[in-house]
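See below for the structure under consideration.
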């Protein structure tokens, strides 16, 4: 997963009227070098710190959606909305961190203090995932407080760590500094890659408190963040610490605000017009700052359509993960957890960057195609849109094994004939079950019942070997039933039992047992699952089980203990298992698949991950590099803030769609595809009319323009303006 950080700039000269830097800031301190090179030893601590911090963040976030879904039992839309609210907050808070570092504490102290907040958030989050600690409300409160602190911590240090690493180099070592940022970027993706693969294993393959071990899945990232803080503090004596130098983002905002305010005050037709609306700030701000703000606003204008890309991109951890829970994850030698698929993105990023930089882009240049940065970004948008188009197609295929969605006054029913001979079933006033149901016949699809109200008493007639029997059962709307027909004490009988209305969540299998013996049984499915079923065709409740082959169970009766073999209980399937007989020292069973297993393999998500990862390389890396090239070096922090805010706005858009406009998942994927294609067209038009500039040339042009227009600034209203 690509991560963008602004390259630090040399310290600015102190301006008249500025307060002198406070605290101990040894600007000229020289750190020991690594193995006689020009690399300061201090950067080793910073790189390790970044690896551990990214491991903690991405590892925690990888399991977050399933945590909401299975631990809190929230629905998919609410889980998605909260996930993206957290992600948006993580990209709003860098502005706070940048202001703290540049205007108050300096980078070093900001990293220390906010890392402590970060650690506390992780610990609170981990404690909130312990099932035995309090009730649901306690878990939710602890988790939300923990997530807020994590968002404040990770966002706050985001603009500081890489810049602080750049501060460690002396000005003459620019090539080493550039290589440092490559290593720094590698540590980010390495931490993301390893954590998104490992933490889902800790969640799903390790069991604690009788269920998925979310406390461990959150606890390990918490431990890594503690390690990150300890490592960073350990290098304290080696760091070059620059003093706070004022936040350029605040200066830009004040300049823009003053220009707008001054223009509104001077609307008189007698006042000469100015070439640019920002020129109205010239009464208070220098021409150099105004010229730089003009350059950066041109680029920020291009940022307006960009949030839609991030709205799609960040759904890898929410909607795509939820899609993976409904797929077959068996790869033969390894069974992937659904949230593990996210590791493909950082892996593919590390693969694609050299392929694109050393292969694809040079090949395009050899073909003399003008593949400008704007066109690269538009291509990245198209690839992301195609990825969501593929996701929509896969979602449609997945839905083929889902239970039908029921509306009011509808129910579903089927017949399980456990008798020895065929049975003809009729329901009064309902045209169902035209053919007799054979003994132990695999049931057909559920039949739809249309009721005359929220519930209805139905008259059932069974014809069996010339005998006719009648039963009345009350059926409720939007429910699913199985009519069990069996022989008890020499006569035919029946029982109406309730089935699952939807697939088991998170790729689990569901199984219930019907005891056809004349004695009660106690079943052991695995070492931790015990089920008691009464005699004479009583049915147990459904039990949720991990997908596995269960051939080591036991059936305990009054007459002894017998082995129980159930075979494969597959992803997302629901089973009714009938114990029919005990013969030859073994239990005989008949297994019926109530809900079909997930038959779309998780490997089908690979193309959409390939497309969106390629799109990220072309969009994200190209976009930030292009925007930096179009503005002065002093404005990089402003562009960094603008870029991160596009990510925040994109995540905000997703949570609005998830909560305000719920729809079928495939339709939502199509909606995002169409929206991104529309935004891509708008962005392409904006890019077509955008003229690339050299910031140095533009600065010279602004200086000439300022000289020629200086005589026109007369008769301005400057009330309440301190010049």
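In case you wondered, yes, glycine gets a Cβ from its N, Cα and C as well.
TrEMBL does not curate its annotations; it predicts them automatically.
Annotation source TrEMBL lists compositional bias 'Basic and acidic residues' at 12-22. Summarising the annotation, TrEMBL assigns region 'Disordered' to 1-24. For 55-74, 80-99, 111-131, 137-161, 182-202, 214-239, 295-313, 343-364, 606-626, 638-657, 669-691, the entry in TrEMBL reads transmembrane segment.
With a cut-off of 8 Å on Cβ pairs spaced 6 or more residues apart, the transmembrane segment (606-626) and the transmembrane segment (80-99) reach fewer than 3 such pairs and are scored as not touching. Between the transmembrane segment (182-202) and the transmembrane segment (343-364), the number of CB pairs under 8 angstroms, six or more residues apart, is three or more, so the stretches are in contact. Counting Cβ pairs closer than 8 Å and at least 6 residues apart in sequence, the transmembrane segment (214-239) and the transmembrane segment (111-131) reach three or more and so form a contact. Between the transmembrane segment (638-657) and the listed ranges 80-99, 343-364, 669-691, the one holding the most Cβ pairs under 8 Å is 80-99.
Looking at which of 80-99, 111-131, 137-161, 295-313, 343-364 has the most CB pairs under 8 Å to the transmembrane segment (669-691), the answer is the stretch 295-313. Here the transmembrane segment (111-131) sits against the transmembrane segment (55-74); at least 3 CB pairs are under 8 Å, leaving out pairs fewer than 6 apart in sequence. The transmembrane segment (137-161) shares the most Cβ pairs under 8 Å with 80-99, out of the stretches 55-74, 80-99, 343-364.
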